[in-house]
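This report refers to the structure that appears directly beneath it.
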Ligand SMILES: *[C@@H]1O[C@H](CO)[C@@H](O)[C@H](O)[C@H]1NC(C)=O
Ligand SMILES: *[C@@H]1O[C@H](CO)[C@@H](O)[C@H](O)[C@H]1NC(C)=O
Ligand SMILES: *[C@@H]1O[C@H](CO)[C@@H](O)[C@H](O)[C@H]1NC(C)=O
Ligand SMILES: *[C@@H]1O[C@H](CO)[C@@H](O)[C@H](O)[C@H]1NC(C)=O
């Protein structure tokens with residue numbers, strides 16, 4: 001049900017019938033999560049590992065959402081400043097970046113493995129495991145998605161689990 005809502009939303013965005021206010025896409029760490037948000041697209045970097053960045057945008061490309069410093073002069077020049085502007089250079093395909101808005105690329109190894117045959121994570125490095133190198137190997141913890149790291153589980157971590165720091 002949610003998926004079909006998203007599809008409808010995406011279709012509306014695709015046809016340009018509605019433009020949503022820019023949302024903060026940068027917190028989404030996988031292409032899958034990113035593309036579930038209407039108004040967010042994924043820019044895969046050239047590493048061939050699926051690593052990338054979730055950015056506000058449309059099917060045409062990423063939007064520049066940083067609001068420029070407000071003009072000191074009052075007048076009509078200040079009003080278009082908040083409008084997000086398409087900027088293809090933020091995900092330049094001529095240098096092997098790849099913008100996705102509807103479907104994620106097949107290669108999704110979270111930055112921890114090269115892809116072979118377009119989609120297979122050849123060997124998950126940096127203490128990661130899983131089909132998409134999305135988990136830490138046993139005995140390590142962390143969030144390895146999108147190039148994140150895994151650390152050794154320390155005794156202190158385990159003992160601190162029941163404690164609360166009050167401030
Ligand atoms: C967007 O989210 C990221 C990560 O959650 C955060 O670091 C950043 O400050 C947020 N930016 C804005 C403009 O809210
Ligand atoms: C578009 O994005 C590129 C890369 O982030 C940046 O260097 C450039 O200034 C931007 N163009 C505009 C018009 O803001
Ligand atoms: C770019 O991403 C699309 C999916 O959004 C995928 O079909 C295509 O193969 C990708 N291109 C490259 C060069 O990886
Ligand atoms: C890649 O594809 C080739 C040909 O289909 C196959 O022989 C090979 O085993 C595949 N490699 C992996 C890692 O899946």
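Note that the numbers count up from 1, one per residue, in the order the chain is shown.
Glycine residues also receive a Cβ, built from the backbone N, Cα and C atoms like all the rest.
TrEMBL annotations: computationally assigned, not manually curated.
Copied from TrEMBL, the annotated features are:
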DISULFID  124-133  disulfide bond
DISULFID  136-150  disulfide bond
DOMAIN    107-152  domain 'Laminin EGF-like'
SIGNAL    1-17  signal peptide
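Distribution of TrEMBL features across the structure.
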residue	record	Cβ neighbours (10 Å)
124	disulfide bond	20
133	disulfide bond	25
136	disulfide bond	22
150	disulfide bond	19
Secondary structure at residue 150 (disulfide bond) (DSSP, helix/strand/coil)?
strand
If you measure residue 150 (disulfide bond) to residue 133 (disulfide bond) at Cα, how many Å is it?
11
Distance [Cα-Cα, Å, rounded] between residue 136 (disulfide bond) and residue 124 (disulfide bond):
10
Name the secondary structure element type, per DSSP in three states, that contains residue 136 (disulfide bond).
strand
Averaged across the domain 'Laminin EGF-like' (107-152), what pLDDT does the model get? Just tell me the whole number, please.
97
